[in-house]
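In what follows, a single structure is set out as structure tokens and then discussed.
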Amino acid sequence: MLAYTHGTWLLLLLLLVAGACARPEIAHTPDPAALGEESTPHAHAHPQARHHHHAHPHAPLKEDEQGTAIPAPILTTDNVGIGETTTASSLAETQSMSDPGSVTDTTSTSTSHSTSTTSTTSPAPLPPAAPEQPEYLKHCFYAEEQLCGHTFDGRAETSEGQGSTVAQSEAQNRGGQGNSQCQCREHPTRPNSWYCCNISQLTMISSCSNISKWTNLHVRNMTVEDMDLSNPIFRSLQSLAVTDGNITRLVNAFPRLSALKCLNISNNNISEIHSRAVKDVPHLEFFGMSNNNLSLVPHRNQNKNITLDISGNMRMLCTPLNEIIYTESINFLNPKHSYCQYNATHTWFQSTDKVSVEQLENRKRCVTNCPVIPNYGSCNCTLENIMIIQDNQSKPQCHVDCSNLGLVELPQRLPDNTFMLNITNNKITSLGDYFHTNPTYHNINRLLADNNQISSIYEFEGTKFIETFQRIYMRNNSLSKIPEYFLNNALMDSGLGRRIYLAGNKLQCDCNSAKTLQNWLKERSSDIPDYMEIRCRNMPQRVIELQEAKLCQSPPDWTDYIYYLIAAEVLLLLALITKVSYDYWVFKTAGYLPWPASKMPKLPCDWLCES
């Protein structure tokens, strides 16, 4: 009979276990008293242990026919609670087989163990290892986005009464939140680093305790009209990130001599920042303000380099931004895709309503690298416009004006991307080999060299300039000859809209000038607007008026008369033959020779005629 009873209880226990496994959705709500008693030891456990407790729900409970609560087996891999839970289940099963009356006590013990094991408030999981950060972000702290969702969603899932108890218990356990309004938590892996979520007023941060010990703070989803930067909660921070919120203005300034090294206010729809907001932050290395509605960047007035991210601010104005670029040491993050709006009266840029920061930086380089020539003065450099090249990539055109300085040679170095060089009204006699060997001359396509003493343009032969130029101004120089290479190659591709100006140069005119140069000027008259003003130095004529017949005559030579001499000899021979024939006819018919022939002495050959 006893064996039968034990078998019945064993069968009943197996059926209950099978039912619990088949219906895992039946959850057990932990006892608040047990939660308060047992949460403290586990709350201070290693974050990894807290993570495992959160990963598994509490064990479901079933009741037997006598109303006794029997726990279902817990299948878990928790490092902390697995031993206790498994042991309790095994013990309950063993006692049920030996003594049915002991099931209730065993079950109660198992339930207590299960509750205490899983009663810890849902802490944040450990984030994955972050990739190595760039140098400018080495002092920046960013809490992972899932930390906010995990921590505060976990609290929301509990009932109203339990949520209050859990919040108070967690605040006491962490020692950092002495007020229930505090919406901040300490980061699980970074010491002295805190994150706050869903902030609607700064008191949700300032109500936390030990704020003075905080080093890093990341606030997500802050929704306020004005954020006061002078609040003491920011005094001791080295890294402050306020992201993904809705803030209208940043008012006031950070405290004097703030320790802040990294500041990120991205993705907040901010439209205004106090002009002196970061003026007294001497150690600031990174300032991220991307994806807002800002039109101005606050001044720093600091000499230290800073990395700045203004991408995504489509209302940013170019004029004040350009002033900051010139006066402060700033490295822009993603300058190709950071844009600003410029005043339409500017002439730097060509047919666009927005300008990239990269173009503004190029303008600064154009000006700061402008040539300064000892004993002569400084050139004037401007970024006149933007030239669109292949793949829609813009390239700045730096124009260098070194006119009226009295230079005797070209500048040694030009700014990068110099497309126009103006050296008019100087005393330059030679172009030298700059267009061959100096890389800063390779992009020039406009050369203004009027009113100098340049005597030759042979230096252009074989250069990139002769292939890509658009304008050459060489008026009123000392050119004596235009080389044949230049004539054959300078205007081969008229599709580039090339123009050459040579008026005021007095060339050495000769037969070759009349034949080759004159024809070249006539054929390319549309590309040489002042071709009518090119004159000769050795005759008072313009090149276009030269006459080939006059210039191409050869000096007198005896070979020119040989044909006349031959013709005269032929005529003389014919006359002699005619005279001899006539005398012979007279002698035969009249018997005497004409008087001239009778006076001539006899020759040895006369006997031929006397026979």
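Cβ atoms are placed via backbone N, Cα and C, with glycine included.
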Which candidate, of ASN198, ASN246, ASN343, Swiss-Prot gives the annotation N-linked glycosylation site: ASN246
For the glycosylation sites ASN221, ASN246, ASN264, ASN269, the one whose C-beta sees the most other C-beta atoms within 10 angstroms: ASN264
Stretch-averaged pLDDT - the repeat 'LRR 4' (313-334): 88
Counts by DSSP class (helix H/G/I, strand E/B, coil) across the repeat 'LRR 4' (313-334): 10 helix, 4 strand, 8 coil
For the repeat 'LRR 3' (283-304), residues assigned helix / strand / coil by DSSP: 0 helix, 3 strand, 19 coil
Distance check against ASN221 (N-linked glycosylation site) for the glycosylation sites ASN246, ASN264, ASN269, keeping those with Cα within 10 Å: ASN246
Cα-to-Cα gap, ASN269 (N-linked glycosylation site) vs ASN246 (N-linked glycosylation site), nearest whole Å: 6
